[in-house]
Amino acid sequence: MTDQESLIESFTKRIAALERENRALAEEAEALRMEREEARAKLFESLISNKKYLRELERLKKENALLRRMPLFLATVIEVGDDYVMLRQHGNNQEFITTAPPEIMEKLQPNSRVAINNSLTIVRLLERSVDARAKMMELIEAPNVTYDDVGGLDSQIQEIRETVELPLTRPELFSSIGIEPPRGVLLYGLPGTGKTLLAKAVAHHARATFIHMSGSELVHKFIGEGAQLVRDIFQMARDKAPSIVFIDEIDAVGSIRTHDGTTGSAEVNRTMMQLLAEMDGFRERGDVKIIAATNRIDILDPALLRPGRFDRIIEIPMPNEVARLKILEIHTKKMKLAGDVDLSSIAKQTEGASGAELKAIAVEAGMNAIRREATVVTMEDFRQAVKKVLGEEEKADESLRMFY
Ligand SMILES: Nc1ncnc2c1ncn2[C@@H]1O[C@H](COP(=O)(O)OP(=O)(O)OP(=O)(O)O)[C@@H](O)[C@H]1O
């Protein structure tokens, strides 16, 4: 082969290779073009569906706004399942099963309060009311206070055991004898004498839920909501039964002074009427008991004291010397006391001190020891504590005298 011929042959091969390469590139370009077309078609499709979704969203928003404007009803959640909610409607107490949008559903819990529309669908979770209710009451499953923590109230403990504890723990005793179990008691006495403590101890021994509501908070903090809150509290007591509803400062709700004809008094009266209705509705439900407490039995509305409302009215007295010693022993049980500490002599010197003040004396004596960086509490720590706790009160009394 001549040089020229071999040159031609090599060119021909090169041309054939370039042609193959060219074809491959053209095929690749075609595939890319197809892919781009497909992507463009998909984009177009999603733009259309996006528009459709936006329109649907707009429609749902309008519908939602409309639903929110329509009168809504109140209900309390009883049970939450995976895809259902059981509610009890306020007012008619009807129970039913419904659903809620996922964002509400995940926040629902038993006892949440919700707004429902005409078709009984949940449209809102009412956070504020629930918060208010949670703030105003203390709920303890079974308080860890026992009768041993209560000093000097033996006969009162005995009475409250018969009227509150026994009907909760042994209801059959009452039904077999054929008498109606007591529904509740009223404790009255000066501040700090152990009324709350005693109520908690009963709840402990009866293994009952302790629901604490403050009469004065009910009236002063939750203006306009009192009656509803009373209803809610008793509903919760029924849900958490066996339970004890402890109404502290009941005089704030049920005092004779609340009948002065003002708007405020009408509101307090409504709360009081609701309370009486709840108490009267208790006849058949043996597993919810009421313990009410007051420092001012003298101003209590006679309607509350009428027979049949409270089964016993129990006085919680100021502790005498024996009781004061018992209370001091209770509150110094865990303290390291020096050999010279004579609790009986402290009990003698503290005439007129309440249980709460005796506790304050024990705590203050402990603080004195800590301040001295000592490891035991001495009689001198107690002497100073008595002076501080009871002395300050005298000073306070003196300053009050200016107003007499
Ligand atoms: N009899 C008592 N035995 C032991 N501790 C007591 C006694 N009385 C009061 N205390 C102590 O004082 C604290 C306050 O008492 P508590 O709240 O029970 O009084 P209260 O009668 O309910 O007062 P208030 O009428 O002001 O509500 C108790 O937690 C307890 O530590």
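Just so it is clear, glycine is given a Cβ too, placed from its N, Cα and C backbone atoms.
Feature annotations, reproduced from TrEMBL:
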COILED    1-70  coiled coil
DOMAIN    181-320  domain 'AAA+ ATPase'
BINDING   GLY192, THR193, GLY194, LYS195, THR196, LEU197, HIS331  ATP binding site
(message) Helix, strand or coil for GLY194 (ATP binding site)? Use DSSP.
(response) coil
(request) Note down the number of other Cβ atoms within 10 Å of the Cβ of GLY192 (ATP binding site), including every protein chain shown. (result) 18
(request) Please name the residue among the binding-site residues THR193, THR196 whose C-beta has the most neighbouring C-beta atoms within 10 angstroms. (result) THR193
(request) Report the DSSP secondary-structure composition of the domain 'AAA+ ATPase' (181-320) as helix, strand and coil residue counts. (result) 62 helix, 32 strand, 46 coil
(request) Go through LYS195, HIS331, the listed binding-site residues, and name the one with the sparsest Cβ surroundings, counting other Cβ atoms within 10 Å. (result) HIS331
(message) What are the sequence-distant neighbours of GLY194 (ATP binding site), meaning same chain, six or more residues apart, C-beta distance under 8 angstroms?
(response) VAL150, GLY151, LEU153, ILE316, GLY355, ALA356
(request) Tell me the Cβ neighbour count for LEU197 (ATP binding site), meaning other Cβ atoms within 10 Å of its Cβ, over all protein chains shown. (result) 21
(message) Limited to the domain 'AAA+ ATPase' (181-320), I'd like the whole-number average of pLDDT.
(response) 83
